[in-house]
Amino acid sequence: MLRTKDLIWTLFFLGTAVSLQVDIVPSQGEISVGESKFFLCQVAGDAKDKDISWFSPNGEKLSPNQQRISVVWNDDDSSTLTIYNANIDDAGIYKCVVTAEDGTQSEATVNVKIFQKLMFKNAPTPQEFKEGEDAVIVCDVVSSLPPTIIWKHKGRDVILKKDVRFIVLSNNYLQIRGIKKTDEGTYRCEGRILARGEINFKDIQVIVNVPPTVQARQSIVNATANLGQSVTLVCDADGFPEPTMSWTKDGEPIENEEEDDEKHIFSDDSSELTIRNVDKNDEAEYVCIAENKAGEQDASIHLKVFAKPKITYVENQTAMELEEQVTLTCEASGDPIPSITWRTSTRNISSEEKTLDGHMVVRSHARVSSLTLKSIQYTDAGEYICTASNTIGQDSQSMYLEFQYAPKLQGPVAVYTWEGNQVNITCEVFAYPSATISWFRDGQLLPSSNYSNIKIYNTPSASYLEVTPDSENDFGNYNCTAVNRIGQESLEFILVQADTPSSPSIDRVEPYSSTAQVQFDEPEATGGVPILKYKAEWKSLGEESWHFKWYDAKEANMEGIVTIMGLKPETRYSVRLAALNGKGLGEISAATEFKTQPVREPSAPKLEGQMGEDGNSIKVNLIKQDDGGSPIRHYLVKYRALASEWKPEIRLPSGSDHVMLKSLDWNAEYEVYVVAENQQGKSKAAHFVFRTSAQPTAIPANGSPTAGLSTGAIVGILIVIFVLLLVVMDITCYFLNKCGLLMCIAVNLCGKAGPGAKGKDMEEGKAAFSKDESKEPIVEVRTEEERTPNHDGGKHTEPNETTPLTEPELPADTTATVEDMLPSVTTVTTNSDTITETFATAQNSPTSETTTLTSSIAPPATTVPDSNSVPAGQATPSKGVTASSSSPASAPKVAPLVDLSDTPTSAPSASNLSSTVLANQGAVLSPSTPASAGETSKAPPASKASPAPTPTPAGAASPLAAVAAPATDAPQAKQEAPSTKGPDPEPTQPGTVKNPPEAATAPASPKSKAATTNPSQGEDLKMDEGNFKTPDIDLAKDVFAALGSPRPATGASGQASELAPSPADSAVPPAPAKTEKGPVETKSEPPESEAKPAPTEVKTVPNDATQTKENESKA
């Protein structure tokens, strides 16, 4: 058992040592076509000098170092077989043979399998197709085993779409029948080999090209030549890819690359072709061609170029008398072919015209027309106009037919006139060449010495023989003879003695109440000269004289009626007619009797309409007819559009001659009825029908400027007008009442004083006024409101409605009246010594706005009364006023100041000015020249101050209203103003009022210093463009200094005494007397008494004062 085992191992080792073992790694080989792979042949054994060889499947030994199938001997025990880029033919069993040194061989084999991997041999992308064709998408798949092909689109199997248009062909191509643009996209060709689980795919982009479509916007385009026009031809093309455009003209390409081609201009995409300066040569058929990959298409546009007609040929012609015919020719060009017409200066000749005798024949063919005149007459000569017309326009040319003929004479053969009446015998001459004209009488050439009353006037077309018959011998035959080189012609004229016309015949008379219409026939014989007028005579039965009236013959002959007016109703009349010509009044007709109708209703007026220029208004004229013997009271007019309601009736005065109907409906028919009415009743209605114009589409040139404004524009205009009215009102309030927005701005921004400040000054009895920022006088107004009971125990009489507002002016030359009449104006009137100034009163004054300032300036005088003064006892009190004596206890009432700030002050005259106190005026103010303001004046010292005045009650009349205070015992003082110097010294009366004897014997007082022109004692404040003085200013001093008047004396208390009233109205005009002075209230005067100039008081005459007390008068 043991020996057997050992024997086996011994045999094994012996066998191994003798034979070699060959192995190939890898033992199996699969290669895809195109891939490379190597195999290693290894030998195991101790044999030396072995030979390793490789054999191909066909048994051929593979030589080493080949390029595609390479064999490399690595060492004694191994060798490598490498197959590069294997193909199907390389498949098979490869054998590795090892040969030992003793010749024994050992081998090993490897089965090399080569398979075709899934490959897309023919599957291009993109693949393009034409829309509508059957598209086949190519996809060739190469594989060792037959693959399964699946087509997908948008991730889905196209077969599963159940679209019969999609078919997979036997060669695995995909067919799409009638491919659409919507089928465009990416298609996936996917191949699968189930045995190997191999899969591969290829995405193919499918593009569907759409053949171009092109359409001309206009197949026919019209243009007009030679007008500098441009025309654009447009083609709209569509397709995919976007087609390119090209153009041809009558088959010839129009190049788009010529930069210097100013005739043709292309758009960026060449879809538009613009032809500039179109002329006739541009007329052609233009083709636009659209082309892309899918094909091409074209469209045609026919450019039709029209041309205005143009006359290309005309020729003047000359013809002789007795020639048979002449032809005028006219040629014209144009497109469309123009039609040619003929006309002369007086008539149109139709293209088909042919007179009965064949005198004119018109023939036309294409562009040529001819006018043939047969049996030519001299009247055929002249201008012939050839006109060529088509739808584009027209052209005309003139040609002239010159006809040479003997003279032809025309004119009225019988000419009527009378002795002493100048008349012209007219001999009209038609001749070519021009003829020489001569006049003969009884074979004698005119003019001649035997016929001094004959004159001849020649014109190119006629000769006039002016004859003024002196006797019967001048009447008879006159011969006119014309001669030219063709021949001559003569014509006899007869100058006939004219006669008066025969009588017209009255057919019938149509009487009415106050008129009658006489219908007549014209005279049978006019006497050879025209009838100028008709004379109608009529009278009532029993009257001896005839009434008559002349009627123009032209108007009367139109209707054969004359109307007699102004007749009496129900009265019998006789009427007769006569005609008047240049010779004289003709026979009068037989009288015809008629009787007027009784008083009745009037006849309907005659209506005539005249449409307005706007088209929807009418002026209906009313022509008065018979009034029925009673004056017409009025006319009643009513109108309406047909089938509409009547408009409200219109009543017109009897004197109306028309009625205007406006704002009528457009294009509507209206009817108008007019009835005349007198005391007897209404007439029949006169009826008038008219139609308005159609509403215009455009605004007429003479239409209303706002007719075409929109609602917004009208509202805007109204707003602007409203704002302007507010501005005007504000400015008015500023200047009149010192209020409003403008005043607020002036107060807050410009520092002006407001109306409240001015009112405060008014309450204090002060006022300031200024103009152009200059200092002006401040006027203090004094009024006397109450009369003291000791003035003769009388009371002031209340004026009634019969009391005059102003007293009669005294005839003295020294009266100056100043009245304020709005608007603010300063008027200085110098009449002898009279000065009148007008100021604007304060806006806040409760009185009216009229102030009368009367000043009296007394000349230097002694204490002796003026010899011309009238004693107080002679003065007669004015009506309604009780004379009373002044009392020292009574004091004038200080009224609020008059604001004259808005009134420009004009300087009075430099001449001597003097004034006297008006009758029944309590005080006077004496204005003077500004130059005298700086002068000083002296006056006697004043007496003691009077008691303080009593304040005015709230319910009293306006404090500016002057109270008439006449006095019968106070003489007036006369005062004279110097011309160039300041006021001279003058006498003054004591402060207390004295009776007339005392006033006459009062001694003169020492003189005092007058006020200067700058009396301001306080700070100047700007107000209303002037200087406002502080309340501590001596107002009276300022006023009199500015006016150049002496200042009145004041008492110790600074209050002026009462002034002596002026004399009342008297039968004898009073002479100027000395004026008694009263103290003037001031705040800055010292207590001691000073001599002051004569006082001046202001009388305000209000326009409308409120009467509250018995002692207050109406202004």
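Along the chain as shown, residues are numbered 1 onward.
Cβ coordinates are placed from backbone N, Cα and C, and glycine is handled just like the others.
Feature annotation from Swiss-Prot assigns compositional bias 'Low complexity' to 800-809 (among others).
Swiss-Prot lists 845-856 (among others) with the feature compositional bias 'Low complexity'.
According to Swiss-Prot, the feature compositional bias 'Low complexity' maps to 876-896 (among others).
Marked as compositional bias 'Low complexity' by Swiss-Prot: 936-974 (among others).
The compositional bias 'Low complexity' feature in Swiss-Prot is assigned to 999-1012 (among others).
As annotated by Swiss-Prot, disulfide bond applies to Cys41-Cys96 (among others). A sphere of 10 angstroms centred on the C-beta of Cys96 (disulfide bond) encloses 25 other C-beta atoms.
Summarising the annotation, Swiss-Prot assigns disulfide bond to Cys139-Cys189 (among others) and lists experimental evidence as the type of evidence. Within 10 Å of the Cβ of Cys189 (disulfide bond) there are 24 other Cβ atoms, across all protein chains.
Taken from Swiss-Prot, the feature disulfide bond applies to Cys235-Cys288 (among others). Every protein chain shown contributes to the tally, and the Cβ of Cys235 (disulfide bond) ends up with 24 other Cβ atoms within 10 Å.
Sequence annotations record features per position, and here Swiss-Prot assigns disulfide bond to Cys330-Cys386 (among others). In the shown protein chains, 24 other C-beta atoms lie within 10 A of the C-beta of Cys386 (disulfide bond). Under DSSP, Cys386 (disulfide bond) is assigned to a strand (E or B) in the three-state scheme.
Taken from Swiss-Prot, the feature disulfide bond applies to Cys427-Cys480 (among others), supported by a curator's inference. Other Cβ atoms within 10 Å of the Cβ of Cys480 (disulfide bond) number 25 in total over all chains.
Taken from Swiss-Prot, the feature domain 'Ig-like C2-type 1' covers 20-111. Here the domain 'Ig-like C2-type 1' (20-111) has a mean pLDDT of 85 out of 100.
Annotated topological domain 'Cytoplasmic' per Swiss-Prot: 730-1115, in sequence order.
Under the DSSP three-state reduction, Cys139 (disulfide bond) is assigned to coil, being neither helix nor strand. Cys386 (disulfide bond) sits 33 Å from Cys427 (disulfide bond), taking the C-alpha atoms as the reference points. Cα of Cys139 (disulfide bond) to Cα of Cys96 (disulfide bond): a span of 42 Å. Among the disulfide-bonded residues Cys41, Cys96, Cys189, Cys235, the residue whose Cα lies closest in space to that of Cys480 (disulfide bond) is Cys235.
For the domain 'Ig-like C2-type 1' (20-111), the DSSP counts in helix, strand and coil order read 3 helix, 52 strand, 37 coil. Around Cys330 (disulfide bond), the same-chain residues at least 6 positions away in sequence with a Cβ under 8 Å from its Cβ are Ile311, Tyr313, Val314, Ile340, Trp342, Val368, Ser369, Ser370, Leu371, Cys386, Ala388, Gln397, Met399.
When the disulfide-bonded residues Cys189, Cys235, Cys427 are ranked by how far their Cα is from the Cα of Cys96 (disulfide bond), Cys189 comes first. The C-beta environment of Cys41 (disulfide bond), restricted to residues of the same chain at least 6 apart in sequence and closer than 8 Å, consists of Val22, Asp23, Ile24, Ile52, Trp54, Ser78, Ser79, Thr80, Leu81, Cys96, Val98, Ala108. Long-range neighbours of Cys427 (disulfide bond) (same chain, six or more residues apart, CB within less than 8 Å of its CB): Leu409, Gln410, Gly411, Ile437, Trp439, Ala462, Ser463, Tyr464, Leu465, Cys480, Ala482, Leu491, Phe493.
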